[in-house]
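Below you'll find the structure, written out as structure tokens, and then a few comments.
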Amino acid sequence: MSAFVNMKKHTLIIRKYRILGESIYSWEKSGVQLNIQNVILCFFYLLADSELVKGWKNRIILHRFQLLIASSLILMIFLVLGIGLGVGLSCVGKVRCGSSSQCVSAMAQCDGTMDCENHEDELGCVRLSGRSSVLQVQKRGEWRTVCSEEWSNQLGISACKQLGYSRYVESSFISLTSIEQDLQTNLISINYSQAEVIKLQSAATFSKNHCNSGMVTTLRCIECGSRPQYKSRIVGGNISKPGQFPWQVSLHFQREHICGGSIVTSSWILTAAHCVFGFDNASLWTVHAGLTEQLINGARSLAVERIVRHAQYRQKELDYDVALMRLQEPLVFDGFVEPICLPNYGEEFTEGRMCWISGWGTTKENGESSVVLRSATIPLISTKTCNQADVYKGLISPWMICAGYLEGGIDACQGDSGGPLACEDSSVWKLVGVTSWGTGCAEVNKPGVYARVTKALSWIRLQIEREEV
């Protein structure tokens, strides 16, 4: 940046030719990326601008100015490329401390000692895995299943806090041999008798090859995925009933419904990144919960405190299409407003499984948004099928999941974005996808595409834990 100090006199002219207000360079998580196109265009505009040329006394001065611009451009390119390479290579074999340039050894991650200045090496060290919500703790780079011996409710409270929850429901124990095979090795027991809340990896831990009790720990931090106020005897039609999808919210930008979202905790809403891209002023958004119609009197309207969009989201590819909204005040759960369960690590949702979509989107492409909350049941489609040449031609990434009918007819549409793709598992509803994109609405061989929540779990947990600690 210092190369441009001598150009302060011409700041207004430079600003005049910035493309769509973009800065000359942008900082990204992976390093520093130079927007070369903007710099080159700015350079040529400067040389051609009559206002500037008229100000020079002769061609010699103009030529010197051209050389200054060219040398500054070359210097900037080498400077930024050098910084970018330095940032990109500095963490080889190590773990980066968030978005900073600081790196720590992989073995230092989740070792109970805060090595990063922002303490991010001690975040994301607890997770729930498999269909039974088996508790795992990361210790020195390895995920270990927690044995039941010496486990306590106090440790359960600590684990839930690390998962980003302000509450704790219960711990339970199940047979080691009843859980998924890959969870039965790399075991650990935790010994801690103090009363205060801690990080589990900070407690005394004992790695082992078997649990003395033969049991492992499962955890429940929140009552989620239930519909206590939904009267299941009401059948027929695609207009949703009160309490049928209590986790569904309507996101309003400047008092207008823009997207849907899903309640994942009392303070956090999960939606699509493309819903908030370019509109990240939290004060202009409100979250409406408990709605079945837009807008009925008495619906809860909550202000948004903060919006967190996935740093790797790209508008062109619509990959990593997830974002979180933190509410200024927590929701009160009453049966008509309830959270949906996040899936666990390693959970699989197979092709053909019937799941539900819901929202206030249009009922046809380019139509008017629906006043009432509508819903539909659709099957999950494998990535292999969805990537076929006559479907989406390889555009579906591991962060995406398809659902719908290849023959068309039923689909999410404009205004449904950010809303839930929810699947029921033993009477517990889990958030499998976030409505993201598709070609048209309900077209043949163009099913809906959703952000895959199992891929986003680490990111979701990290954002919430970072805010709640």
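Any Cβ shown, glycine's included, is placed from N, Cα and C.
Residues or ranges marked as transmembrane segment in TrEMBL: 67-89. What TrEMBL lists as disulfide bond is CYS91-CYS103, CYS110-CYS125, CYS147-CYS211, CYS160-CYS221. Summarising the annotation, TrEMBL assigns domain 'SRCR' to 126-222. Residues annotated as domain 'Peptidase S1' in TrEMBL: 234-465.
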Cα-to-Cα gap, CYS103 (disulfide bond) vs CYS160 (disulfide bond), nearest whole Å: 27
Three-state composition of the domain 'SRCR' (126-222), taking helix and strand from DSSP: 19 helix, 38 strand, 40 coil
Mean predicted confidence [pLDDT] for the domain 'Peptidase S1' (234-465): 92
Protein Cβ atoms within 10 Å of CYS110 (disulfide bond), excluding its own: 25
Cβ packing number for CYS147 (disulfide bond), 10 Å threshold: 24
Cα-Cα distance linking CYS110 (disulfide bond) and CYS91 (disulfide bond), given in Å to the nearest integer: 17
Local Cβ density at CYS103 (disulfide bond) - other Cβ atoms counted within 10 Å: 19
Nearest recorded site to CYS110 (disulfide bond) by CA-CA distance, among disulfide-bonded residues CYS147, CYS160, CYS211, CYS221: CYS160
Fewest-neighbour residue among disulfide-bonded residues, criterion Cβ within 10 Å, set CYS91, CYS211, CYS221: CYS91
Rounded inter-Cα distance in Å - CYS211 (disulfide bond), CYS160 (disulfide bond): 22
Spatial separation of CYS147 (disulfide bond) from CYS125 (disulfide bond) - C-alpha basis, Å: 16
